[in-house]
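See structure below.
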């Protein structure tokens, strides 16, 4: 029984892969035309389909929407009972139907023509009523479904999903859609945290900033280290410019070397030291700390003035790992 199940599963995958392998050679003028229609669309892409085509259509609409092309899904039955009012003349409709002969099309196509809405077809029958009415036809035909009875949509739904991905990715690249654009559509996700957060969003402010003046003593800096627990203190001049940092390591080395606590901190600090820009991406700032093998750093503005402090734990808590 186990071997029979494995063979059935493998056979299904092989058949679907075989059918999908024919898709690249079908991309041509119609694919380019469909992509250009979407690129020049001033409204939204409205995806529609029935049954399994509808389920795949929802995913295609979601992929378009998350990669820079406003899109949503409308069920054909709902469209014919009021939702056609959601579709405007500046929109584009992508209708998915393997047979290309869904009865709802008899009523939908004239309404689209009345509104001068461009129709794109994703079908296994390019010469069907859907294919003939469309401005561009994306051929998702298969020689056979992976279903042993040749009935359940299997190979054809894989082809539909892949063609939708191909179209969405081509349009995305043509738009110049990048990682930061993607993150703006996914602000609650890990990618959003990594790419949208700036250092100033995460840094510690006001009294939580460990800092002493250049004229302070090593004792003053030690007390500030203890108060904030960040592992470093920013040493600033009268204009709040960071002149150096005094770290736990600096303190240990100073005491082991017999240095006095009353000595000015500028004699014991690390001159210069690493600072982070407040407007930098948090992910880039974290990489700087990791590369330099330090756990914290002062944060400065574009003029070099101290505005905050941050450590690795602040990044981790924000989901930037």
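Placed from the backbone N, Cα and C atoms, the Cβ positions cover glycine too.
For 34-177, the entry in Swiss-Prot reads domain 'SIS'. Note on the domain 'SIS' (34-177): mean pLDDT across this stretch is 95.
Here Swiss-Prot flags 49, 50, 51, 52, 53, 54 as ATP binding site. The secondary structure of residue 49 (ATP binding site), as reduced to three states from DSSP, is extended strand.
Annotation comment: Swiss-Prot describes 52 (among others) as site 'Catalytically relevant'.
DSSP assigns residue 81 (substrate binding site) to coil in the three-state reduction, outside any helix or strand. Per Swiss-Prot, substrate binding site is recorded for 68-69, 75, 81, 107-116, 141-143, 215, 267.
Taken from Swiss-Prot, the feature Zn(2+) binding site applies to 75. For residue 75 (Zn(2+) binding site), the same-chain residues lying six or more positions away in sequence with a CB closer than 8 A to its CB are 48, 50, 54, 83.
Counting only same-chain residues six or more apart in sequence, the Cβ atoms lying under 8 angstroms from the Cβ of residue 104 (site 'Catalytically relevant') belong to 50, 76, 77, 79, 80. Taken from Swiss-Prot, the feature site 'Catalytically relevant' applies to 104 (among others), supported by similarity to another entry.
Mapped onto three states, the DSSP output places residue 145 (site 'Catalytically relevant') in coil. Look at Swiss-Prot and you will find 145 (among others) tagged as site 'Catalytically relevant', backed by similarity to another entry.
Among the features that Swiss-Prot reports, site 'Catalytically relevant' is placed at 186 (among others). Shown in sequence order, 66, 192 are the residues of the chain, 6+ apart in sequence, with a C-beta less than 8 angstroms from the C-beta of residue 186 (site 'Catalytically relevant').
Taken from Swiss-Prot, the feature domain 'CBS 1' covers 203-261, and the record attributes it to sequence analysis. Sorting the domain 'CBS 1' (203-261) by DSSP state (H, G, I as helix; E, B as strand; all else coil) yields 23 helix, 17 strand, 19 coil.
Mapped onto three states, the DSSP output places residue 54 (ATP binding site) in helix.
Same-chain residues with CB within 8 A of the center of the 49, 50, 51, 52, 53, 54 CB atoms, the ATP site residues themselves not counted, are 55, 56, 57, 96, 97.
Residue 53 (ATP binding site) has 142 as its nearest neighbour among the binding-site residues 68, 109, 115, 142, 267, going by CA to CA distance. It is 33 Å from the Cα atom of residue 145 (site 'Catalytically relevant') to that of residue 81 (substrate binding site).
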